[in-house]
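Okay, structure first, notes after.
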Amino acid sequence: MKRVALALCLWVAPVWAVQPDEVLDDPLLEERARALSDGLRCPVCRNESIDESNAGISRDLRILLRERLVAGDTDAEALQFLVDRYGDYILLNPKVEGANILLWLAAPLMLILAGGVAFVTVRGRSSAPAPEQLSEAEQRKLDDILKS
Amino acid sequence: MITEIGHFALILAALVGVAQMVMPLVGAHRGWRGWMAMADPAATVQFLLVAASFAALTYAFVVSDFSLKLVVANSHSDKPMLYKVTGVWGNHEGSMLLWLLILVLFGACASWFGGNLPDSLRARVLGVQAAVSVAFYAFILFTSNPFERLDFPPFDGRDLNPLLQDPGLAFHPPFLYLGYVGLSMSFSFAIAALLEGRVDAAWGRWVRPWTLAAWLFLTVGIALGSWWAYYELGWGGFWFWDPVENASFMPWLLAAALLHSAIVVEKRESLKAWTILLAILAFGFSLLGTFIVRSGVLTSVHAFANDPERGMFILMILAVFTGGGLLLFALRASAMEAKGVFGSVSRETALVANNVLLAVSSFVVFVGTIWPLVIELASTNARWTFGSTQFANPFYTVGLFDRPEQVSVGPPFFDAAFTPFFVALSLILPIGAVLAWKRGSLAKAVKPMVPVAILAIALGALAFAMQTGRSALGPIGVVLGAWVVGGAMMDLWLRTGRGDIRGRLGRLRRLPRADWGKATAHAGMGITVFAVAALLAWEDEDIRVANVGDRWDVGVHEIELAGVRDVRGPNFIGQGADIIVYRNGREVGHIFPEKRFYPVAQMPTTEAGIRNGVVRDVYVTLGDPQEGGGWAVRTYIKPFANWIWGGSILMAIGGVISLTDRRLRVAVGAAKPKPKTPAVPAE
C-alpha cells in the first residue's frame, strides 16, 4: 500500500502544487484557502500539505476546499466538510480533544516537571555546605607551606 | 574479486570489534594491563578494515559493477561521476556502511588522540565504542549486506533517485552521520565513567571536544539538508518538521544541552549525573533517528528502507544501548557526588535553565514525532494479544477510542509547541552568558545589557513601522535576533575588563578562543532566529500563467518570461525558462529555472531558478505548459533566506573556534599529559 502511495505521489504526470487555474479571483478568499490548505495533509503523500503536494488528489482537495469557501462556508465548516470525508488524518494540526490532549499537554507538563527538578537541584546546591572548607589538618599543612 | 575482499574485510573487522569489546572491558575491570592495551591497536585495525571495505564498495560504484545488487538498484552508467561516488551512501546498505566507517573512525581517533586519558578510562571508552560497532556489524552483515551479488547481472542500473543527485544533498549524509555517530563518543565516555565510578573536572574536559565536534557536524549536516530542500523541492520551504528532519534535530538539541552542561562539570564539578544522563539520551536519540530513517515506520519523503526486519534489529540495538545505559546510570549515578556549590543567581543556574529549555524542547519534538505511531498502536485493536494471552485494549475500556484511528502531527503543531522554547532561550541567553560563576548578581549582568535591549527594541519598532501589514512575527524576530547578537558582542566586550578603549581593544584580540567561539556561536543562533522569523513574515508569492514576453510585478521586482527552450543533460531531458528580473525598470539579472524528467527513474523534478541576494532571494519555478498557451510560473520573494544558513554556519564556525582553544587542544592531543592516575583500580 505504501509503495502504491509513493508511486501515486511521484509517478503521476507532473501535476504541480497550486496551479494558476485553481487560484480564486477574490484575493481574500484565496488567502483563506491558502492558509487552510497549508494545514491539510495530502492523503497519499509522505508528510506534505496539499498546498505543496504534486499529487492529483491534492489538487482535487484544493479545488474542493475552494468550492466550499466560494459557497460561503466558514473556515471551520470547510475543514469539517473535508474531515467528515477523509478523517482526522488530514489535519496537520491535531485537534485538542480525546487522546490528543495528552500531546498538547506534553510540553507544559514536561516543562513544569523539569523546571521543578531544576529548582530543587539549584536550591540544594545553593544551600549545600561548601566542600571547599579545608579540614584543620589540611589548613595547618597549607599554613606550613605558605610560611616556608 | 575486489568486492569479495571488501566483504571479507568487513567480516574480519567485526571479529576485531568483538575482541575489542570484550578484552579491554575485562582488562580494565581486573586490572590486566595487557588486555587493556589491546584496545588501541584494535581500534586502528578496525578502522583500516572498514575503510578497505568501504573503498571496495566505492570502487564497485565507480566502475559501475552491475553484478552487485546495490549498484544495479542505485546507479546507472550515464550518471555523472560525482553522483556515482555519492551514490555509495545514497541508499540504505551503503549509508549504514558509512555510519559504521564513521563510528570506527571516532573510535580510532579516541585511541590516537587519547594518550592523556588514564589507561583504564581509555580502555573502557574503546570497549564501549566497540560494543556499539559490533551491533552495527551484525546489523549490516545479517540484514543489509551491501556486497550481495546477482546471478545474472543486467546491462545497466536503475539510477539514483534524481532528487538525491545534487551537490547539497550529496554531502548532507556524511556530515549528519559525523554528528550522529560523534555522539557515540559522548556515550562511550559516559558509560566508561559510570563503570569507573568517577566523574571529575578532567572528565568534563575530555568529553567536551567530542560533543562539540559532533554538535558542529550535526549543525552543518542539518543546514545542508535544509538548504537543499530550499532550492531543490521547488517551493522554497526550508524546514518541514518531517520525522526524518526531527530525527536529526532531537540529538542536535540534546547535544547543545550536553555541550553546556559539560562546561559546568569541567568548571564547577556540578551537574555530573545530569550530564551523564544527557550523554546517554543524546546518543539514544541518534539511534532512534537511525531507527526512524531506516525502518520507515514514520513514513516521510526520506525513508528508503521499508523493511520490518531491519527496523526490529535497530529497535533492539536502541533498547540494549539506551536501556542498558540508563540501567547502569540508575545503579551508579548516586556515586556521582556533586562538589561545586552555587547560588540561585549564577552562571550555573543560567546553564541549568538552558538545559531545561533545550531538553524539554527536544522532548516535545520527540512526542510530536512518535504521536501518530502511538495513536495507531493504541487504537488499532480492540483486544491485545501477547503470545497466547489476550486481553481487552484498556484504551477501549476507558472509552478513549472505539475504532482504529490515525492522526497527523504536522508543522502547525510543532510551530506552536516548539517556538516558545526558542523564544525563551533567546531571551535569557545574553543575561545568562555574562552572569558570574558561583554567585552572580542579576543587576550587574543586566546593566551592560540595557543598551543592547534598547537597540533591539528600537530596531523591532523600526521593522514594525516599515513593514506592510500588522504581523508581529517579523518585528519580534528582529528584536530577538538583535538582542542575542548584540548580547554576544557585549559579552565579548565585557570580557576585556576595564580601562581605556585602546587597552580593551588589545585585550579583545588576546581573549581565549573559547570566548570568541562562544560569542560567534551565540551570534549565529541570533541570526538564524531572526532570519526564520523574517522569511516567514515577509515572504511574497505570485502564481500565474505567463506567455513568453509577459512582464509582471512581485514585491519591489518586475519579472519577465523571456523564453522557454528544451534542455538535455547526461541523464535527463526537460525545459528551461529564461527569466529576466528588473528592479526600478532596470534589468538586474537572469534566472534559469528548469523542469526536468529523468527517464530511467521515471521521475520529474523542478530545478528552481534563484537569484541570491543579501537581503532577499528571487525564487522562480517553471511549471507545466497550459492548454491555452503559456506556462505556469511561480515567483517568490524570500527575504533574508541566506541568513538562515549563514547563521547556522556561524554556529558551526563558533564550534570550530572553540575546538582550537588551547585548553581543549591540550585535552584532545597529548601535549601535556596529566599526572597519571594509578592505572589499576582497586577492584
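Just so you know, the numbers here start at 1 and follow the chain as drawn.
Any Cβ shown, glycine's included, is placed from N, Cα and C.
Look at TrEMBL and you will find B:89-295 tagged as domain 'Cytochrome c assembly protein'.
Residue counts for the domain 'Cytochrome c-type biogenesis protein CcmF C-terminal' (B:315-379) under DSSP, split into helix (H, G, I), strand (E, B) and coil, are 54 helix, 0 strand, 11 coil. The annotation domain 'Cytochrome c-type biogenesis protein CcmF C-terminal' is assigned in TrEMBL to B:315-379 (among others).
For B:405-662 (among others), the entry in TrEMBL reads domain 'Cytochrome c-type biogenesis protein CcmF C-terminal'.
Summarising the annotation, TrEMBL assigns transmembrane segment to B:38-62 (among others). With a cut-off of 8 Å between Cβ atoms, the residues of this chain six or more beyond the transmembrane segment (B:38-62) that come close are 2-3, 5-7, 9-10, 12-13, 16-17, 19-20, 23-24, 27, 68, 70-71, 75, 81, 84-85, 87-88, 94, 97-98, 100-101, 104-105, 107-108, 110-112, 122-123, 126-127, 129-130, 133, 146-147.
For B:96-113 (among others), the entry in TrEMBL reads transmembrane segment. Within its own chain, the transmembrane segment (B:96-113) has Cβ neighbours under 8 Å at 10, 13, 17, 39-40, 43-44, 46-47, 50-51, 53-54, 57, 88-89, 122, 125-126, 129-130, 132-133, 136-137, 139-140, 144, 146, 173-174, 177-178, 180-182, 184-185, 188, 210, 290, 294, 668-670, counting only residues six or more beyond its boundaries.
If you look up TrEMBL, you'll see B:125-144 (among others) marked as transmembrane segment.
Feature annotation from TrEMBL assigns transmembrane segment to B:175-195 (among others).
Feature annotation from TrEMBL assigns transmembrane segment to B:273-293 (among others).
As annotated by TrEMBL, transmembrane segment applies to B:313-331 (among others).
For B:352-374 (among others), the entry in TrEMBL reads transmembrane segment.
Sequence annotations record features per position, and here TrEMBL assigns transmembrane segment to B:417-437 (among others). Long-range Cβ contacts of the transmembrane segment (B:417-437) within its own chain (Cβ-Cβ under 8 Å, at least 6 residues beyond either end) map to 267-268, 342, 345-351, 353-354, 357-358, 360-361, 364-365, 368, 444-446, 448-449, 452, 476, 480, 483-484, 486-488, 490-491, 494, 518, 522, 525-526, 529.
Look at TrEMBL and you will find B:449-466 (among others) tagged as transmembrane segment. Here the transmembrane segment (B:449-466) has Cβ contacts under 8 Å with residues 430-431, 434, 472, 474-476, 478-483, 486-487, 490 of the same chain, all six or more residues outside its ends.
Same-chain residues lying 6+ beyond the ends of the transmembrane segment (B:472-494) with a Cβ under 8 Å from its Cβ atoms: 423, 426-427, 429-431, 433-434, 448-449, 451-453, 455-457, 459-464, 504, 508, 511, 515-516, 518-520, 522-523, 525-527, 529-534, 536-538. Annotated transmembrane segment per TrEMBL: B:472-494 (among others), in sequence order.
Outside the transmembrane segment (B:515-538) by six or more residues, the chain places 238-239, 422, 426, 429-430, 433, 467, 471, 473-474, 476-478, 480-485, 487-489, 491-492, 495, 638-644, 646-659, 661 with a CB less than 8 A from a CB of the stretch. Residues or ranges marked as transmembrane segment in TrEMBL: B:515-538 (among others).
Marked as transmembrane segment by TrEMBL: B:640-659 (among others). Sequence-distant contacts of the transmembrane segment (B:640-659) (same chain, six or more residues past either end, CB-CB distance under 8 Å): 209, 212-213, 215-216, 219-220, 222-223, 226-227, 230, 236, 238, 513-514, 516-532, 534-535, 538, 612-617, 619.
For the transmembrane segment (B:352-374), the list of distant contacts is 241, 243, 246-247, 249-250, 253-254, 256-257, 260-261, 271, 274, 278, 285, 288, 292, 297-298, 406-409, 413-414, 417-418, 421-422, 424-425, 428-429, 432: same-chain residues at least six beyond its ends, Cβ to Cβ under 8 Å. Outside the transmembrane segment (B:125-144), and at least 6 residues removed from its termini, the chain residues within Cβ reach (under 8 Å) are 10-11, 13-14, 17-18, 20-25, 28, 39-40, 42-43, 46, 92-93, 96-97, 99-100, 103-104, 106-107, 110-111, 114, 117, 184-185, 187-189, 191-192, 305, 307, 309-310, 313-314, 317, 320-321. Averaged across the domain 'Cytochrome c assembly protein' (B:89-295), the predicted model reaches a pLDDT of 89.
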